[in-house]
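Taking it in order: structure first as structure tokens, then the write-up.
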Amino acid sequence: MAPSSRPPAPPSSMVLVLLFLSSAALLCESRLSLDYYSKTCPSFNKIMQETVTNKQITSPTTAAGALRLLFHDCLPNGCDGSILISSTAFNKAERDADINLSLPGDPFDLIVRAKTALELACPNTVSCSDILSVAARDLLTMLGGPYYNVYLGRKDSRLSSASLIEGKLPKPSMGMSQLINLFASSGFTVQEMVALSGAHTIGFSHCKEFSSNIGNDTHYNPRFAQALKQACADYPKNPTLSVFNDIMTPNKFDNLYYQNLPKGLGLLESDHGLYNDPRTRPFVELYAKDQTKFFQDFAKAMQKLSVYGIKTGRRGEIRRRCDAVN
């Protein structure tokens with residue numbers, strides 16, 4: 001019989017070893033860690049701190065914008081930096097979906113600045129999604145908010161489509177059942193939803209998001225409603241008009257947002273809903289009287305959000321520019 005031309009099959013023990021090594025490699029590639037860039041980009045933390053600090057000093061609204069940008073990136077389809085990609089002639093990207101058109105420009109500019117500095121120091125190493133996650137956390141702490149660990153090693157999405165986020169982000173006009181179901185579909189509890197809503201203690205909302213409710217919603221404090229009508233009187237001609245979400249301490253991250261709601265000082269219909277719905281009201285009352293508890297729960301919810309639906313290993317890429325796929 002002629003000898004076989006095929007090489008002999010490896011012994012079963014060798015096959016097991018090869019499978020183990022392959023699995024271990026994939027596991028290591030996909031694992032997040034706090035020191036992910038310690039060897040590949042030792043200057044990562046320093047560059048992020050300097051860039052974030054400089055931007056916040058020159059543009060104080062950046063912090064609130066970055067928190068909202070992270071939220072709009074993560075909740076629909078996971079934290080993958082897809083919100084940062086610009087549209088092309090062939091594709092309408094997430095950032096140009098109607099619900100994202102009000103996202104401010106400062107946090108986008110911050111990510112570009114950080115990415116540019118990091119590419120000079122450590123080319124093709126740090127993902128845009130990691131940059132956004134760390135920037136939001138650092139800006140939060142600059143305004144007095146709680147610190148939480150950000151695990152690193154995310155990869156960036158190769159896709160961004162406005163159609164893929166339809167119905168996956170909360171709208172100010174949504175009822176509480178809709179909001180609860182929306183968060184639940186992404187694995188967040190009612191309490192986590194209420195805690196995350198505390199981000200409204202900073203930042204602002206455009207008049208078009210609440211003006212139609214002022215005369216119809218009896219939950220507004222009457223004097224507050226009158227002041228809002230005056231502040232937003234010209235919004236049909238000037239759609240950029242906006243009002244601080246927390247009129248008491250708009251530039252400080254604290255629990256006054258929750259203290260405002262029982263007084264009728266909530267800005268959005270969804271804000272009033274948190275206090276008036278029996279499923280969410282107990283958590284509003286808890287956070288209103290206990291800022292430490294709010295900070296603890298907010299930090300946990302943000303940490304959970306920051307790793308929601310992430311891409312690791314070969315499922316994503318390190319984008320060279322955050323506004324375009326490679």
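Cβ atoms here come from the backbone N, Cα and C positions, even for glycine.
Checking Cys122, Cys128, Cys207 against TrEMBL, the residue bonded to Cys322 by a disulphide is Cys128. According to TrEMBL, the cysteine that forms a disulfide bond with Cys122, out of Cys41, Cys74, Cys79, is Cys41. Taking the disulfide-bonded residues Cys41, Cys207, Cys232 in turn and counting surrounding C-beta atoms within 10 angstroms, the largest count is reached at Cys207.
Of all Cβ atoms in the protein chains displayed, 25 besides its own lie within 10 Å of the Cβ of His200 (heme b binding site). Taking Cα separation as the measure, Cys128 (disulfide bond) is nearest to His72 of the recorded positions His72, Pro170, His200. Taking Cβ-Cβ distances under 8 Å and a sequence separation of 6 or more, the neighbours of His72 (active site, proton acceptor) in its chain are Ile83, Glu94, Ile99, Asn100, Leu103, Leu169.
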